[in-house]
Every structure is written in structure tokens, then in C-alpha cells.
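K.L.:
Annotations for this protein, taken from Swiss-Prot, read as follows:
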type	residues	note
ACT_SITE	Asp66	active site, proton acceptor
BINDING	Asp66, Gly67, Asn137, Asp138, Arg148, Arg165, Asp167, Thr178, Ala179, Tyr180, Ser181, Met182, Ser183	NAD(+) binding site
Amino acid sequence: MKFGIVINVSRERALELARKLVSWLEAQGIGYIFETLSAERIGSALSAPIEELNTQCDAFISLGGDGTLLFTSQHSVTKPVVGINVGYLGFLTEFTQEEMFDAVEKVIKGTYTIHTRTQLEASVPADGRNEQFLALNDVVIEKGTYPRIPAFVIKLDGELLSSYRADGIIIATSTGSTAYSMSAGGPIIAPKSSVFVITPICPHMLTVRPIVISDEKIIEISVEAPDGEFPLNCDGHLRRMLEPMERVTVRKSIRLINLVANENRDYCEVLRTKLLWGREHNSGL
């Protein structure tokens, strides 16, 4: 058994936990290897680029917040990922710092359970081939620095859904429904729901609302504008700039993310404690 370890190197507490984890793994006779930048900060010679880490380990440990987990998941392929929260919100990271050793031990013993999460795949035709990008949370196309309001034309399975005049469009998974989409007015969707949500950003129409669709639908998006460049972001990372009328196709990826589940963690409780769901002002609930 060998673990691939990814650290949010900007957090000193994450580095401290990584050192404790290494000592514990060595005492157990368990192998490990760090992502390159993490290895540099921790002072370890055992490292590999994040793109190669999944070929050299059996499972991943993410030490950081939700952003670190998203980064790790993009490269984990089908390997299980243990998310240890050393961040601010920790909505996706299943385990607290105090639960780290117990969680890792369950993976070593093979007594863990998995939460399987759907990913989005965004593809853009370029130079005779398709550029493809994956996202666990969301794919976002924005107007960027374009000074006017462009129209985002959306088709579902080749049929026109609508043309949205807005600052951008968010395509989110059920996992990503509590991220950018929620901030833009989208609904909260239970994690195992087989749906996507299309959420416009600041639409210039009172009648426009987010729409929930089957995750079997193929979504095509293009930006109608006379000029300009429009950012295509996947899980908060800029992937490329789009030209007017350049088509982006978004669909369910065949690659799933396997997150090691915390059996003591209830999704409804997470909504209440992390997002203060349903909490009244001055309520003790």
C-alpha cells in the first residue's frame, strides 16, 4: 500500500499534519510519495509530478481545504481520495484533522466506504482535435473583461434551450451545487442526484432562473458577441479563452471521483453547520 500525498503548502498547519502523517506511516511500514511542490516544502525526496502520482500510489491523501481536494481529485483517476480539512469551509473534505489517522487506517485495512461523484467533461474543438477538461464542481463561462452584455446560447441535445444575456453561465454537478452556483442563486442538490444545474450569472432578464436537467443531457454553449475573449473555467481554474461563437460541449464524464466517506458525517448536518442552512437569527439550533 502506498499513499500519494498532496498538501496546501500555503497553510503551515497542513505542513505540520503532513510531517505527523509521514512519521505515522513510516511506523506502520506504509509507503508514501508526495506531489512535487508538497515534497519541496516538506523536504522529502519521495516525489512525483501530480500528473504521474496516480500511477505510483494506491490512494490519495489531501491535506487542505476544498480547493486542495478538487486539485487532487482532478489527477486521482479512480483511486480513492481521503480529504482532511485544513481549510476554511471544508464542505467536500470528509474528515477533520483529529480523524486523520483513523481515516487512513481504514483505507489501509480496506474497511472504508466510497462516495462516488460525477464529473463534468468540457470539450472545445481546436486544431482538428478536441481539447478536454474535467471538473468535479462546475464549468463556468464568463464575459470576463468584455464591456457589454453578451448572449450565451445554450442547446440541450442539439435543441435550443435559450439565449441568456448575462455575465456568465455556470454548469454545475450536484456536488458543485453548493459552490459558485449556489452563490449565484442556484438550488442545493443532494450529492447523489443524477442531475446538472445550469445557473446564469447576473442575468439581464427577470424571467431567467436556474434549470435542473438530467446528467445524461449534452450541453452546448457558445457566446454571441461581435468581439472579445471569454474565460472558460473548470473548478475555478482558467483553462482557455474562447472566441465569439466558439462552441463548448459539456457532458457527464466517464471518469468518476471516489471520495473516502466519513460514516459519522451526515449531509444534512453539514448543510446546517457549514452553510447555516435553515438557521434563524440568534437561534441556538
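A Cβ is built for glycine as well, from the same backbone N, Cα and C atoms used for every other residue.
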K.L.:
Measuring Cα to Cα, how far is Asp66 (active site, proton acceptor) from Ser181 (NAD(+) binding site) in Å?
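P.N.:
Rounded to the nearest whole number, the Cα-Cα distance is 15 Å.
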K.L.:
Any idea which of the recorded positions Asp66, Asp167 has the thinnest Cβ neighbourhood at 10 Å?
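P.N.:
Comparing Cβ neighbours within 10 Å for the recorded positions Asp66, Asp167, Asp167 has the fewest.
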K.L.:
Sequence gap of 6 or more, Cβ distance under 8 Å: name the residues on the same chain that satisfy this around Arg148 (NAD(+) binding site), in order along the sequence.
P.N.:
Ala225
K.L.:
Have a look around Asn137 (NAD(+) binding site) and count the other CB atoms within 10 A of its CB, chains all included.
P.N.:
25
K.L.:
Any idea what DSSP makes of the residue listed as 'active site, proton acceptor', helix, strand or coil?
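P.N.:
It is helical.
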K.L.:
Using a 10 angstroms cut-off on Cβ to Cβ distances, just flag whichever of Ser181, Ser183 is the loneliest among these binding-site residues.
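P.N.:
Comparing Cβ neighbour counts within 10 Å for the binding-site residues Ser181, Ser183 gives Ser183.
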